[in-house]
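Per Swiss-Prot, the features are:
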- Arg296, Cys297, Ile340, Ala341, Thr374, Gln393, His525, Gln726: 3',5'-cyclic AMP binding site (BINDING)
- 452-769: domain 'PDEase' (DOMAIN)
- His525: active site, proton donor (ACT_SITE)
- His525, Gln726: 3',5'-cyclic GMP binding site (BINDING)
- His529, His563, Asp564, Asp674: divalent metal cation 1 binding site (BINDING)
- Asp564: divalent metal cation 2 binding site (BINDING)
Amino acid sequence: MEDGPSNNASCFRRLTECFLSPSLTDEKVKAYLSLHPQVLDEFVSESVSAETVEKWLKRKNNKAEDEPSPKEVSRYQDTNMQGVVYELNSYIEQRLDTGGDNHLLLYELSSIIRIATKADGFALYFLGECNNSLCVFTPPGMKEGQPRLIPAGPITQGTTISAYVAKSRKTLLVEDILGDERFPRGTGLESGTRIQSVLCLPIVTAIGDLIGILELYRHWGKEAFCLSHQEVATANLAWASVAIHQVQVCRGLAKQTELNDFLLDVSKTYFDNIVAIDSLLEHIMIYAKNLVNADRCALFQVDHKNKELYSDLFDIGEEKEGKPVFKKTKEIRFSIEKGIAGQVARTGEVLNIPDAYADPRFNREVDLYTGYTTRNILCMPIVSRGSVIGVVQMVNKISGSAFSKTDENNFKMFAVFCALALHCANMYHRIRHSECIYRVTMEKLSYHSICTSEEWQGLMHFNLPARICRDIELFHFDIGPFENMWPGIFVYMIHRSCGTSCFELEKLCRFIMSVKKNYRRVPYHNWKHAVTVAHCMYAILQNNNGLFTDLERKGLLIACLCHDLDHRGFSNSYLQKFDHPLAALYSTSTMEQHHFSQTVSILQLEGHNIFSTLSSSEYEQVLEIIRKAIIATDLALYFGNRKQLEEMYQTGSLNLHNQSHRDRVIGLMMTACDLCSVTKLWPVTKLTANDIYAEFWAEGDEMKKLGIQPIPMMDRDKRDEVPQGQLGFYNAVAIPCYTTLTQILPPTEPLLKACRDNLNQWEKVIRGEETAMWISGPATSKSTSEKPTRKVDD
């Protein structure tokens with residue numbers, strides 16, 4: 001043990017003296033180590049790890065095994081190859097059946113041909129993406145860190161010999177490539193040794209498809225290839241191509257049998273369990289991926305009415321128990337005019353795209369949405385009764401640069417069955433949709449009824465007191481104390497805003513009283529709230545006279561009165577979370593779409609169609625105004641709408657003559673009216689907040705019964721957090737809403753001022769201060785700087 005350090009020092013001293021010599025060369029080092037092997041032994045034992053030594057031994061053994069015997073070489077030099085063809089066939093079949101890589105298999109066969117032709121080396125090329133370029137194949141482990149297919153250049157003449165052969169598909173034997181002007185770049189290889197003689201052969205399948213190029217070469221000074229070498233190489237490649245084709249045909253037949261078995265299996269699955277249609281679609285998509293060896297799969301259905309493609313089932317690229325996972329998420333839609341899927345849906349043609357981003361038809365929106373990168377696509381239409389009802393899209397071939405013709409043919413047959421499955425799915429969806437409509441309708445009819453003749457006749461003869469006629473013009477007017485007059489207040493507002501002859505009075509009274517009947521007795525979203533919202537819209541229209549058309553004024557006032565029809569006191573998220581039939585009917589803006597549906601239902605009742613005097617085009621217009629206005633009360637849509645309006649206002653691009661801009665402004669007006677309780681006098685605002693939270697807490701109580709913890713806003717156990725919650729609501733929602741509205745419609749500034757006053761009151765509540773406030777006396781919504789004041793206490 002003590003001799004170790006001195007021996008090591010001696011070893012390294014001798015090595016150091018050797019390596020520091022100014023005339024040191026590789027030959028001198030090798031010569032020195034040959035004469036002093038103990039130095040190498042000492043150096044390796046002390047400085048080289050056991051893993052490295054093991055790697056050297058493995059490489060040496062592999063090299064020895066790779067070198068064939070003269071007898072074995074002679075077998076492959078027989079151009080008839082009867083002695084090895086069956087062995088070759090068996091070898092290829094075994095490799096392919098066990099999932100062997102075609103590229104690696106051809107590389108191994110090329111190595112045999114190199115030995116048989118006594119070449120110094122070879123290069124194997126395969127076609128790149130789009131089949132217009134070549135890539136050099138590098139087997140794994142040969143050069144660590146390098147890809148298996150390295151781009152070598154385009155397929156064209158006037159560059160390299162491999163590109164020339166790929167272009168012409170003819171074998172070339174060149175004795176001296178350096179002197180051949182057809183190949184200015186020679187072989188294009190960097191072998192470290194000058195190449196002189198080259199034998200370059202195309203690798204062609206039995207059906208004539210080019211799959212690669214084999215380039216054999218000999219170094220400078222060696223004997224050039226001759227015709228016999230060409231014959232040996234050609235014979236070997238020909239037999240290899242036939243063998244590969246034969247095995248692939250057998251595999252295709254096996255695949256066909258597997259496909260037939262699968263179709264029978266899916267048929268049984270469908271008829272045994274028709275309810276689980278999503279499971280059926282997943283089953284189909286999983287097999288489609290395996291059929292063409294794709295990385296991702298997507299199935300889009302066609303909405304011919306709106307000319308859109310849509311999907312809610314996505315391949316997220318994960319696996320569970322060896323099977324792909326498909327996730328059902330929020331539905332995405334895009335125009336049928338966009339993308340490769342849209343092209344297939346429009347034309348009904350199959351598209352095989354080897355390079356997606358190089359194709360101008362490719363729609364990158366889906367990649368941006370999912371964060372996935374699409375390289376190549378195989379897209380197939382699903383046709384039923386002569387019409388494209390869906391599109392199946394395979395994305396990114398896993399093994400190979402692109403989807404092949406075989407993939408395309410197999411997929412065509414598979415798409416026929418997809419059409420049957422999708423047709424059945426659509427039929428089942430329509431049945432389910434009808435069942436949901438029926439259940440909701442029966443529930444509604446069991447609760448609601450049409451107004452009596454006494455109710456609407458009493459309204460026809462009602463006259464509003466003069467004092468209320470004055471106060472109704474104020475933005476902060478409170479209808480609360482006048483419950484029996486609410487229907488009459490709405491009739492008055494209609495006549496003041498639209499004229500006394502705008503509707504038949506009898507139909508108008510029937511309509512109003514039936515709308516009242518269809519509001520449920522919930523704490524907040526009730527008949528009182530409907531009239532309050534309608535009054536705020538009335539005040540906005542009156543203070544912006546001449547800005548809106550007669551149809552818009554009629555439609556907006558009716559929309560406000562009906563905007564919460566048949567509200568159950570539960571939020572959209574609650575209905576969707578617990579699979580309420582309404583959520584099945586309307587996937588987005590659930591309650592808002594139901595409110596509009598109820599509005600149309602009342603209009604269709606006998607004697608209730610207040611728009612019956614309009615022309616058909618005007619009738620469609622006013623219904624669309626009402627629909628858009630009611631949908632706009634979905635607070636989830638408000639944030640994006642207000643942001644767009646703010647940007648347009650700041651940039652000066654807002655144009656009220658532009659219909660889309662006008663729709664956005666009306667949407668903001670509807671939100672402002674829906675939230676108008678925050679613009680009333682403080683006592684009214686405070687009482688309304690109590691009603692709102694009573695409804696929230698009732699929903700929270702229901703969630704607790706089901707074992708779900710509600711959000712703090714809906715938890716009555718956290719009522720102490722109400723003032724702080726209101727502060728956040730005012731700052732995040734109400735103040736921005738009325739600020740943007742005031743910018744666009746300046747006469748609505750009193751709404752913003754009142755909202756800020758109430759924000760101050762909530763801040764006082766948080767600080768524990770008195771919340772009495774001074775307000776203006778009887779006045780209009782204009783300046784009140786010289787009006788008498790009065791004190792209002794909570």
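Just so you know, glycine gets a Cβ as well, placed from its N, Cα and C.
On a predicted model such as this, the values are computed, not experimentally measured, just so you know.
All features noted in Swiss-Prot, drawn onto the structure.
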residue	record	CB count, 10 Å
Arg296	3',5'-cyclic AMP binding site	20
Cys297	3',5'-cyclic AMP binding site	24
Ile340	3',5'-cyclic AMP binding site	20
Ala341	3',5'-cyclic AMP binding site	28
Thr374	3',5'-cyclic AMP binding site	21
Gln393	3',5'-cyclic AMP binding site	25
His529	divalent metal cation 1 binding site	22
His563	divalent metal cation 1 binding site	28
Asp674	divalent metal cation 1 binding site	22
Gln726	3',5'-cyclic AMP binding site	25
Give the number of CB atoms, excluding that of Asp564 (divalent metal cation 1 binding site) itself, located within 10 Å of its CB.
26
If one looks at the chain holding His525 (3',5'-cyclic AMP binding site), which residues at least 6 apart in sequence have a CB under 8 angstroms from its CB?
Tyr519, Asp564, His567, Gly569, Glu695
Residue from His529, His563, Asp674 whose C-alpha is spatially nearest that of Ile340 (3',5'-cyclic AMP binding site), among the binding-site residues
His563
Which chain neighbours of the divalent metal cation 1 site, leaving out His529, His563, Asp564, Asp674, have a Cβ atom within 8 Å of the mean position of the site's Cβ atoms?
His525, Ala530, Val533, Cys560, His567, Thr633
How many whole Å apart are the CA atoms of Ala341 (3',5'-cyclic AMP binding site) and His563 (divalent metal cation 1 binding site)?
38
Nearest to Gln393 (3',5'-cyclic AMP binding site) in three-dimensional space, by Cα, is which of the binding-site residues His529, His563, Asp674?
His563
Given the binding-site residues Arg296, Cys297, Thr374, Gln726, which one's Cα is the least distant from that of His529 (divalent metal cation 1 binding site)?
Gln726
Measuring Cα to Cα, how many angstrom lie between Asp674 (divalent metal cation 1 binding site) and Thr374 (3',5'-cyclic AMP binding site)?
45
Could you measure between His563 (divalent metal cation 1 binding site) and Arg296 (3',5'-cyclic AMP binding site) for me? Cα positions, answer in whole angstrom.
43
Looking only at Arg296, Cys297, Ile340, Ala341, Thr374, Gln393, His525, Gln726, the residues listed as binding 3',5'-cyclic AMP, what is the longest Cα to Cα distance in Å?
49
Helix, strand or coil for His525 (3',5'-cyclic AMP binding site)? Use DSSP.
coil
